[in-house]
């Protein structure tokens with residue numbers, strides 16, 4: 001079909017005019033940073049595990065799914081209609097800590113019992129094992145939530161409904177109506193970035209992890225128990241995935257569902273690959289890129305400029321493809337990372 | 001009882017039988033050189049001592065204690081340092097962080113750092129520089145320094161002069177001589193004159209077994225028993 005310039009050109013001009021309005025820019029940036037914060041938390045555990053251990057952990061999305069459901073369960077059981085917003089937020093913070101502790105322990109036990117025995121085999125064994133466990137976790141979750149009368153998909157609205165009104169309402173920022181949740185996610189994302197950075201750069205264990213990401217055998221030869229470090233880092237990576245899941249619990253575009261096991265994994269991999277496997281800085285930058293791209297394409301769709309519903313996903317995976325073609329090691333990755 | 005004793009050590013890479021019964025001993029404060037052509041098992045001997053490539057048979061005793069079967073980090077914490085072939089710096093860590101990784105958590109880092117900087121003042125100058133940005137000679141200094149911290153009493157040094165300009169090799173020799181004042185050393189070195197200059201005794205390895213040994217005093221590459229094994 002020939003492009004009708006008479007109608008297309010004015011549409012492009014109108015889109016550009018709307019795009020460069022302060023309200024649009026504010027909306028894209030704030031929502032984009034909110035999404036970036038969640039993507040960072042979801043991806044950073046994956047990149048830590050790959051950077052140190054060379055293990056592509058396909059259970060990562062399933063762990064986020066567990067985090068979302070556990071968080072949802074605690075919130076649904078603890079919150080009633082009359083529960084104050086501050087109490088809800090305080091409960092949410094407790095849930096974050098509990099889910100982090102639970103899943104860190106679970107991840108450590110998983111690494112110790114199932115992954116450790118196959119380190120000496122080819123990476124394909126680790127991929128098959130983690131993928132298989134991810135499928136098991138997803139299916140068991142489906143069975144459990146169904147037995148409790150909750151549909152595993154679409155997202156569990158009961159859990160999403162525990163969000164305080166302050167997060168579901170929209171606030172005017174430079175004329176743009178922006179959901180309160182995004183500001184909360186940005187704050188938590190900054191805390192997560194600073195926390196992980198401090199751990200990696202200001203603690204002795206973080207130093208061992210950075211050294212081990214380059215050469216785990218050398219680290220072992222310097223007297224550090226690298227296997228123990230593997231267990232701890234895998235646990236921490238799993239705990240961070242769980243926190244990411246809890247963040248998704250109140251997100252209107254996600255929410256607790258069995259679909260998180262695959263969806264989260266895909267987004268986390270996109271961020272990790274664009275940033276560079278094993279790179280903390282790359283994960284931060286890639287999360288912002290993906291978050292802003294997601295926010296921009298969501299705006300295009302929401303304003304009716306584009307009617308294709310899959311545009312955000314198409315754009316994000318398009319970024320991934322472009323990165324793999326022009327810079328396969330990612331923005332900050334080195335060509336060979338990982339210990340195995 | 002020797003400081004380090006290897007007895008009939010047999011090590012494999014998969015099905016490849018690399019060390020076919022290495023027996024040697026090292027006395028305290030000695031420098032012992034392992035010499036031989038490429039691929040005869042010198043590096044594998046060091047890796048076997050560290051349990052990086054654990055032997056399938058034979059015994060390795062360090063200060064009278066059997067260390068076979070231990071994990072590498074346990075062997076390291078017993079006081080055995082490693083200066084590996086090609087240096088293997090943590091390139092994205094600074095000089096100081098490279099040293100920090102090597103200092104045992106219970107040791108006084110400040111004291112250890114001052115100790116190595118006093119031995120290698122050039123490292124102090126570059127302490128905040130990432131190791132990948134150092135020259136080959138500076139990296140070798142750092143590798144030796146990293147092997148010396150952590151209260152190590154035995155240092156396994158693999159090809160320290162490899163790929164370095166002659167002038168830099170002189171600096172590395174000075175560094176190794178400094179290191180040897182405090183530690184016992186097993187040295188793998190392709191540069192035969194250098195190995196003879198540094199070491200008190202040598203073991204000549206061929207096809208995974210010791211074929212000659214003795215004092216380095218007066219030994220030259222023209223020696224018939226040496227030439228037979230070192231010539232290609």
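Glycine is no exception: its Cβ is also placed from the backbone N, Cα and C atoms.
All annotation found in TrEMBL is predicted automatically rather than curated by experts.
Residues annotated as transmembrane segment in TrEMBL: A:36-55, A:62-79, A:85-106, A:127-150, A:181-200, A:229-250, A:308-326.
Sequence-distant contacts of the transmembrane segment (A:308-326) (same chain, at least 6 residues past either end, Cβ-Cβ under 8 Å): 267, 270, 273-274, 289-290, 293-294, 296-298, 300-301.
Below 8 angstroms of C-beta separation, residues 63, 66-67, 70-71, 74-75, 78-79, 162-166, 184, 235-236, 238-243, 245-246, 250 of the same chain, each at least six residues beyond the ends of the transmembrane segment (A:85-106), sit close to that stretch.
Relative to the transmembrane segment (A:181-200), the listed stretch A:36-55 leads the set A:36-55, A:62-79, A:229-250 in CB pairs under 8 A.
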